Each structure stands twice: as C-alpha cells, then as structure tokens.
Amino acid sequence: MKFATVTAVLLMIIVCVLLPKLPAIHTWAVEREEERIAEAELAEQKITMSDLTIKNTEVADDTEQRQLRLKLPAGVKGSDITISNDYVTQTVRIELPQTEVSYFENDPLTGSSNHIDNLSYAVSKGSSGLIEITMDQVYELDMDYDENYYYFDFLTPHEVYDKVVVVDAGHGGRAPGATKQGINEKDIDLGIVLQLKKIFDNSGGNIGVYYTRTDDSNPTFDQRVQLANKSQADLFISIHNNSTKSGRMSSTHGTQVMYSESDTKELGSKAFAQICLDHVTEALESRDKGLVEGDEIYIIRTSDVPVALIEVGFMTNQEELNLLNSTDYQKKAAEGVYDAVLDAFAKGY
C-alpha cells in the first residue's frame, strides 16, 4: 500500500513538471526531423558553380566597400539583365543573356570584396550566364546602368528603413509540422504570415519586413535565424501552431509564446513575447496559456535579436483546429501580431 502511494505521488510530480513543457517537447521533436528534411532539399537544389574573382579597388569608407561595377557583355544592354536578391540566403543572382565563359575570365566585376563571402558563376548550354554573389549580411540593392556597365550599391536594411522585422512561417516543404484531419500546420502558419504581409504592405509605415518564406519552401533553421541576425532586425517573430505530445485530440486549447530565457535585457525576448501573447490572445479571444522558456529551440537560442515564437493555437483541439483553418481567424491572428509589433516599437524596441 505504501509503495502504491509513493508511486502515485511520484507520477503526480512528474506530470506537474512535464505538463507545462509538453508543447516545447513537441516543437523540439519536430525540429530535429525538419532540419534533416531541409538539408536534403537544399542538396537537391544545388547548382554547379565555378569560382569568380573580383578586381579589387581601393576604397575610402565602408559605403564605398559596398559598391560593385559589372562590365556588360558585348551586345547586352542593362535592361536585358535579370537581378534577384534572396534575403534568406543573402545571395544576389545576376542572369546575363548571350554570355560565354571567356567573359568571366576577363574579370568583369570591379569593386571591393570586403563584404562578399562567396562569388561564383555558371554558363548554360544556351550561352546564358549566371553570377551568384553571397554577401556577409542582408542588403538591399540600389542599382543603375549605362551603355557599358551595371552599378550596384549594397545598403543595410537600417539604411533604408526606420525599423526592421523578420517574420518566420514555421515548417514548409516536406516538413508539414503537426498534421490533423488532413490539415497541415505549415499551411496554417503560412496563411497567418501571408495575412500579416498584407497588413504590413498596406500600412504605409517605413518598417522593413523580411519573410523566411512566403510559399511552400522549407529554409533550414540556420537560414531562418540568420535572416534575423544578418539583417540586424529589431524583432524576430516565428509563427507556429501547437499539438499535444501524444498528437491525440484533447480539450487543451489556447495561445502560448516561447522566448529566450538567456536574453535578460529589459527590452528583450521575454518582454516582447509577453507583448505578443497579450495582443494575440486579445485579437483571437483565445485562452492565455502563458510564456514558455524556449532556449532548447535552435532559432530561439541562436537569435541575436528579441525573438518570440508564437504558438497560435492547438491543432489537437477540434474547435480550435476549425478556427485555425479559417481565413477569418488567420486574419485576426495576423492583426494581433501586427498590433504587437507596433506596441513593441512604441515601448522602445
């Protein structure tokens, strides 16, 4: 009898200790599998590139160190060139038509390589060229061209915007996150983020917002957090949805926010997480499930900026699952996140 009583007490203690941490355990387990999937997807997308050198010039200051000049191939106009800037990988892609290998052998790029991590090129069978420039951090491009050259100025986000925010839609690609009744968490996460993007796009404010994904892609965890770190973001928000550890439907419902317990600044991760929790629960009229320490989560513990991982609701609660899968509810969640960002900036972030 005494043994049974002691066992029951021990079980109660274990439940009391673990129950608040179950959502975090769920997130950690999913994270391990997603990192493996994301690395495999990146390997599939790899393009064979050759090293390209840059003709370095003497520069006076940091601004000039972030300038490049590209000599146009014979017969190619500036308007023929296609430029893309992948903020997630900090990679600028320059596509040039009618380009032979010999063009790249004559050092077409002039400037400073101080802020360049990698520089490479490829030529397709159709004689179109590709230059990839991997920068040391996130930059916005200011571009111009004349008859002979294409000019690039690389500006930091804070040189362009008053404030900078990075928004992460959890999961993606072959990593669905929690899945219930044919509904994937990755789609709900993305739905909320796309609603948030609409709000920011129409806000008229000078806030630069960078998104880890706006489609069904799956950036690695390091790419997600480095977008925040390398843009020197003022705030980093990751949108997720919750599940019980067992994955079975239950009565558990509500909104939680994870934060970095190692960020002890007054205007740090925990205070920002509380702002997010207050505004999202108010917008959704959802149950406040409190804050959860999250340093075991990679994107939280490696973030150099105030981070909040918002678990909007529980997909293992039938009523909440139905709501989360609706556009109206996703829009309300996005409005709550947007209000949290404005409130955080008003408080000095």
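Cβ atoms are placed via backbone N, Cα and C, with glycine included.
Residues belonging to the domain 'MurNAc-LAA' (225-342) score a mean pLDDT of 99 in the model. Taken from TrEMBL, the feature domain 'MurNAc-LAA' covers 225-342.
Broken down by DSSP into helix, strand and coil, the domain 'MurNAc-LAA' (225-342) contains 49 helix, 27 strand, 42 coil.
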